[in-house]
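This report refers to the structure that appears directly beneath it.
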Amino acid sequence: MVHFTAEEKAAVTSLWSKMNVEEAGGEALGRLLVVYPWTQRFFDSFGNLSSPSAILGNPKVKAHGKKVLTSFGDAIKNMDNLKPAFAKLSELHCDKLHVDPENFKLLGNVMVIILATHFGKEFTPEVQAAWQKLVSAVAIALAHKYH
């Protein structure tokens with residue numbers, strides 16, 4: 001289990017409270033699909049993913065990105081208990097969707113980039129360290145059900 005200090009929790013929640021989940025979620029998932037094109041195979045039903053502009057303008061990408069980022073909100077509420085909080089999502093992604101758990105790490109890294117672009121100087125090294133710790137812990141929690 002990962003332990004978050006009071007300072008780390010404050011750094012994460014402070015930035016999260018200013019986050020536009022819809023905008024940043026679509027941006028994060030879109031960036032994942034552009035930068036790591038092999039991840040597109042999990043989103044066949046999303047329609048046109050033929051170019052970066054098609055991906056970033058795709059309403060299904062934006063909607064699912066919002067859903068993904070909303071789950072990060074759940075992570076923030078359950079920072080001290082991530083594995084149980086993500087048990088159902090882990091099972092879904094493992095047993096039903098067969099997502100390579102390495103993709104969770106990639107998405108976490110993309111999330112950190114999105115945060116840096118959105119928050120600039122507010123995204124200090126200390127804030128980045130707290131967020132990097134969180135996205136890594138979420139990736140581990142999501143990979144928990146994998147064999």
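Each residue's number is its place along the chain shown, starting with 1.
Cβ atoms are placed via backbone N, Cα and C, with glycine included.
Scan Swiss-Prot for phosphoserine across SER14, SER71, SER90 and the hit is SER14. For the domain 'Globin' (3-147), the DSSP-based tally of helix, strand and coil residues reads 113 helix, 0 strand, 32 coil.
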